[in-house]
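Summarising the annotation, TrEMBL assigns Zn(2+) binding site to His15, Asp18, His147.
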Amino acid sequence: MTELPARRLLLVHAHPDDESINNGVTMARYAAEGAHVTLVTCTLGERGEVIPPELGHLTGAALGGHRRGELAAAMRALGVEDFRLLGGPGRFADSGMMGLPDNDDPGCLWQADVDRAAELLVEVIREVRPQVLVTYDPDGGYGHPDHIQAHRIAMRAAELAAEAGCPVDKVYWNRVPRTVAEDAFARLRDDLPGLPFEKAAGVEDVPGVVDDERITTEIRGDGGANAAKTAAMRAHVTQITVAEPYFVLSNELAQPVFTTEYYELVRGERSGDGDGRESDLFAGIAGTDGITGTAGIEVAS
Ligand SMILES: [Zn+2]
């Protein structure tokens, strides 16, 4: 038997790189504090576009294998040891962008049966017993089919796990408050002439932007977590180019790197300190006060 730490966080994402962009600070911070951080990525992202010309020959399974290596490097940067592909590597193919014929590939995540895919995630929940689950909103943040499916699978798994006596205490969706995004893009427009990027994205290009009132929780990075996040983003060489505090994806549109990460609590009880935002995803969950605590659970190993 090995004992897991008292605090256990599960994140569900669509492709390698989404975790570092959305939750790099959060993952690094909790890992550094001794929490057990589990990442489940649903596909290898083998239909993603490749940025560096010298890696442009990578497509399909070769790209998926390469991105698996990038994910491992990113997890080293964040200090996260427990990262998995849903159902094992290659079980679900990247579905490509919405509306493409790729969406009809019978092996792709978009075509997966949500209940059956969710059962695979329930196996992870039963093993790790996370108190906190983080995923996307119903639109997947920005409408990508794999992000929408990752949301459905994660939410269904939370239901099934609760029915199986393994409830997750809190479920959060990744968010960015509108005013934070607007301020960051205003700074970006000023900084753009000095950056190695030619054009800027806009607020509408950032997944999960909502009105500030909906934000329940914010996780602030410190020096170590911020550096870990940018290192993790840089590890996704085929997908991301970083010039701090900005980055581009394959569309070459500059975006800010957010070193405070924001969440909307959608299941579970918001920790009650008035109108203020929570500063801890585990706030109010019994038995998780100690950072590394001994109130962990024993699991067969
Ligand atoms: Zn993605």
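Just so it is clear, glycine is given a Cβ too, placed from its N, Cα and C backbone atoms.
Annotations in TrEMBL come from automatic prediction, not curation.
Features as recorded by TrEMBL, highlighted on the structure.
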residue: His15; record: Zn(2+) binding site; CB count, 10 Å: 25
residue: Asp18; record: Zn(2+) binding site; CB count, 10 Å: 27
residue: His147; record: Zn(2+) binding site; CB count, 10 Å: 27
Can you list, in sequence order, the residues of the same chain other than His15, Asp18, His147 whose CB lies within 8 Å of the CB centroid of the Zn(2+) site?
-> His13, Ala14, Asp17, Thr41, Cys42, Gly45, Tyr136, Gly140, His144, Asp146, Ala150
In the three-state DSSP scheme, His15 (Zn(2+) binding site) belongs to coil
